[in-house]
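What TrEMBL says about this protein:
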- B:E45: active site, proton acceptor (ACT_SITE)
- B:D56: active site, proton acceptor (ACT_SITE)
Amino acid sequence: MYPDIKGRYGDFGGKFVPETLMEPLEELENAYRDAAADPAFGEEYVRLLKEYSGRPTALTFAENLTKSIGGASIYLKREDLNHTGAHKINNAIGQALLAKRMGKNQLIAETGAGQHGVAAATVAAKFGMKCKVFMGAEDVERQQLNVFRMELLGAEVVPVHSGSKTLKDATNEAIRYWVQHCEDHFYMIGSVVGPHPYPMIVRDFQKVIGEESKKQFAERTGGLPDKVIACVGGGSNAIGMFHPFLNDEVELIGVEAAGKGIDTPLHAATITKGTNGVIHGSLTYLIQDEFGQIIEPYSISAGLDYPGVGPEHAHLADTGRVQYISATDQEALDALHRTAKEEGLLAAIESAHALAKAFIIAETMSPEQSILVCLSGRGDKDVHTLMKALKGEVDQDELLSISNGAK
Amino acid sequence: MNYFQSLMEQNKKLFIPFITAGDPDAEATIALALSLQNAGASAIELGIPYSDPLADGPVIQRASGRALKQGMNIVKAMELVPKMRENGVEIPVILFTYYNPVLQLGEENFFALMRENNVDGLLIPDLPFEENQRIRTRCKAENLYFISMVAPTSSSRLKKIAEASEGFLYCVSSLGVTGERKEFDQNVFNFIKEVKAVSPIPVAVGFGISSGEQARKMNEAGDGVVVGSSIIRQVEELHDQLISKADRDEALQKIEAFARSFVQTV
């Protein structure tokens, strides 16, 4: 079972960090393994998921979409029903418990769209911890609502002005801050990225998505879905959904953000278009130039525009166990509209990428077959972006600056 | 005996300044290397500009940004070394690069370029002991210095890292990234002593050393210092003069004078 002792998933993963962090990472891994083996820790985690976050989340049969598409039955795993509105809280609760167990009550987090930042700020408030959230200055501008939410929850949001001022740079800055304060701060990573043991820890805390889905699906239909689809930025909702199905005869499909199209420079399709590289302490697929400079990706969804991807996804892509495809901004927006109108569900733009491809794939399947989609979060946070997109106000200057920033 | 040990034999403390290739431009980098040698540098640490320098503070990040804007990259940076030689630089040049640019070149290609351009050694801050064995072994076989780093958190790892290092051992003074520090925790001296006790090669202390006075204190415990951000800050402040042919020499003299304050003998 992956990862191996060096934290590798096949060729990917590992710990590519400054020497200062090697010991803290080892300390974290030991604390995690110790916690994972302690039934009391597991019980506390499950209790909080149930009593605080509202798990199990529902499994919804998308009856209207299924009828209108006319192919496979479409089911949605409703991670949008979690407290704070996305799957991110599963991991935040788990890591906060771990921090508490390690005697650390100061959290560091990074965030792009703000979902992980809000989740981190939420658990920090719940556990009586201090929380510092690093966020690219551009994202602070774009996601003011989430910045306000974090501040309401008592967290300090630190705008990051280095590099391209987005998630990539917020993560660099969070790591730099951690290097300086690693003795008494806990760094809470929000996706299955970063140095070992983070991709493993985040995966384990997100596996609840797939485990619940499997059980609920069996209760409902007596079997397994034929295909499971999830969106992939860093890939935490996807790995959480996929992992429990890895040994089953279920087709697994990850959907990356194709932005303006994978043949343009404006995309975030890391597995589709990236090459092997190191980002944020992990070896994985990466969008970069020929000299190894990291290129800022683009997606209408701030949660998917990450230049890397979780190392386990890179490995699952290499071995062919999971198929990775991509959906454009427009495809995601169309799917979002359709889901809102036909099912009364406002999905996050991230999740809408998975929906877009699910609809196309469902059409090619027979009515006896079924497809399960992870609805990783709700779209409230995206209404501003949606309004702009609907009015055709996608900022051309913004696109241009991103494109030029892609060294 | 390695070069750095031989300097110790001559009662010299190591002074290893860091400059970023291409900051403010390629010509100035070559000229800076010579000025630093004239000031008494033991070796030059030549930084490869990188888009995501995880171990660096704002000063060196900005230097990377300026150099990248100039179109500098790892290949062009290595090609500066023979030009430094033509310009009179004789001291070793150690490449400071993050791992990703090396990975992109491919190890074969990278080592071929190191040889071709007579680069003397290598330091990769995000390639820790557990991940660097192959490159370390290769460096040894090719007679290149593979500089290892130890940090105050290294404790149980200290010995194995020290024993595997070549040239000198880079002792990170304190937690955090590169950048000038006003003060150091007193524990740093105990830490340096601890490192000295296990290191078979000279120990140079880096991260935050920004004055001759600080260097002197570090040198009492260790064998020398690495100085980056405070020199880069001078480069930043003298940017316009350094890129002007007419004013460059004056700027170089200022930096040379500043660098001289870090040079010490026992």
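Backbone N, Cα and C atoms are what each Cβ position is placed from, and that goes for glycine too.
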Intrachain C-beta neighbours of B:D56 (active site, proton acceptor), sequence separation six or more, cut-off 8 angstroms: B:S64, B:V177, B:T178, B:G179
Those residues of the chain, 6+ apart, with a Cβ under 8 Å from that of B:E45 (active site, proton acceptor): B:I16, B:P17, B:F18, B:I19, B:I94, B:F96, B:L123, B:V226, B:G228
What does DSSP assign B:D56 (active site, proton acceptor), in three states? coil
